[in-house]
């Protein structure tokens, strides 16, 4: 079992989907505290209740957070340190989707500036801001509380694909994976491991946003199955994230692990 007991974790985008599944698994395995940053206050309230049912001993610290704001992210991480005194691991899951299959070839001509900026601000800038703040906190904490520390950034199967659509999404996720690999080399001497997880087609509330023309969840999943992709659960991805956050995954760093469907 992955060793995360009695440790403090930060999770962006933790209120639903893969982020929530990660929080639930960390609580089951004895995490001391889960510090969740997400835009949805309502989802965080529901998540906090479910975590308390799983493990009443796990402390839950929820913050309404816009990861595209460096100042908000910096304050969030500083608050974690001031409240709990340490940060052992972080999973940066927050991201936004981009709908596919709605544009005429060449789809590039319909990739507008505002959409590009919005996707990058969350999917790549947000990764930079969160990772940077977490490394700063871990570096400072490790001098007084040495031990294995880990950051997991969530990209996507799109980071490995070359799709003639959703340019902003795919490029931002490829950037996330590349960035994390570079950070991994930079911080490993400090005892901080950084890795990427790239989920395949995952059954989450965000999945229908990738296929906006579909009328039902079943239609969304059938679209992907026809293209040769299997559909996995958020819990499947969470198990890999928690393994990377745990000491059981030492000395793994600088990887981009595909979970679920790979490119056919």
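Just so you know, glycine gets a Cβ as well, placed from its N, Cα and C.
If you look up Swiss-Prot, you'll see 1-20 marked as signal peptide, on the strength of sequence analysis. As annotated by Swiss-Prot, NADP(+) binding site applies to 18, 66, 132, 169, 173, 204, with the evidence given as similarity to another entry. The active site, proton donor annotation in Swiss-Prot covers 169. Summarising the annotation, Swiss-Prot assigns active site, lowers pKa of active site Tyr to 173.
Counting other Cβ atoms within 10 Å of each Cβ, the binding-site residues 132, 173 show the lowest value at 132. DSSP assigns residue 204 (NADP(+) binding site) to coil, not to a helix or a strand.
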